[in-house]
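Peer 1: I have a structure here, written as structure tokens, and I will follow up with some questions on it.
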Amino acid sequence: MSAEYGQRQQPGGRGGRSSGNKKSKKRCRRKESYSMYIYKVLKQVHPDIGISAKAMSIMNSFVNDVFEQLACEAARLAQYSGRTTLTSREVQTAVRLLLPGELAKHAVSEGTKAVTKYTSSK
């Protein structure tokens with residue numbers, strides 16, 4: 001596991017370096033990923049199993065790819081109906097179109113549950 005889990009840094013921040021140095025080092029830009037969330041889900045499902053950095057990278061690429069496919073499909077659906085705003089309806093339809101059978105049903109129910117929880121907390 002790397003030090004990136006659970007830590008946030010303000011964009012454009014100094015990253016803890018002193019400004020007194022004459023030589024300016026290249027600023028370390030934080031790379032956003034789903035690693036922390038993938039790891040948490042893994043521990044919920046299989047608490048005794050770990051994951052290698054290579055496998056984590058593959059999983060992160062997979063999540064990014066699925067997210068991009070869903071976003072593109074939802075945007076296409078909104079465009080077809082002449083709308084400029086993505087709603088949960090477009091996202092739900094995109095999930096039904098892209099994911100197979102039982103996986104789509106579970107994804108829709110979990111998504112509905114998450115939206116309900118979010119709206120009730122406001």
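Backbone N, Cα and C define each Cβ position, glycine as well.
I grabbed these lines from Swiss-Prot:
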type: REGION; residues: 1-30; note: region 'Disordered'
type: COMPBIAS; residues: 20-30; note: compositional bias 'Basic residues'
type: MOD_RES; residues: LYS31; note: N6-(2-hydroxyisobutyryl)lysine
type: MOD_RES; residues: LYS31; note: N6-crotonyllysine
type: MOD_RES; residues: LYS31; note: N6-(beta-hydroxybutyryl)lysine
type: CROSSLNK; residues: LYS31; note: ubiquitin cross-link
type: MOD_RES; residues: LYS40; note: N6-(2-hydroxyisobutyryl)lysine
type: MOD_RES; residues: ARG83; note: omega-N-methylarginine
type: MOD_RES; residues: ARG89; note: omega-N-methylarginine
type: MOD_RES; residues: LYS105; note: N6-lactoyllysine
type: MOD_RES; residues: LYS105; note: N6-(2-hydroxyisobutyryl)lysine
type: CARBOHYD; residues: SER109; note: O-linked glycosylation site
type: MOD_RES; residues: LYS113; note: N6-lactoyllysine
type: MOD_RES; residues: LYS113; note: N6-(2-hydroxyisobutyryl)lysine
type: MOD_RES; residues: LYS117; note: N6-(2-hydroxyisobutyryl)lysine
type: MOD_RES; residues: LYS117; note: N6-glutaryllysine
type: CROSSLNK; residues: LYS117; note: ubiquitin cross-link
Peer 1: Let me know how many other Cβ atoms fall within 10 Å of the Cβ of LYS105 (N6-lactoyllysine).
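Peer 2: Taking all protein chains shown, LYS105 (N6-lactoyllysine) has 13 Cβ neighbours within 10 Å.
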Peer 1: For LYS113 (N6-lactoyllysine), name the DSSP secondary structure in the helix/strand/coil scheme.
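Peer 2: Its secondary structure by DSSP: helix.
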Peer 1: Cα distance, LYS117 (N6-(2-hydroxyisobutyryl)lysine) to LYS31 (N6-(2-hydroxyisobutyryl)lysine), nearest Å?
Peer 2: 29
Peer 1: Between the Cα atoms of ARG83 (omega-N-methylarginine) and LYS117 (N6-(2-hydroxyisobutyryl)lysine), find the distance and write it as a whole number of Å.
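Peer 2: Pair distance, Cα basis, whole Å: 26 Å.
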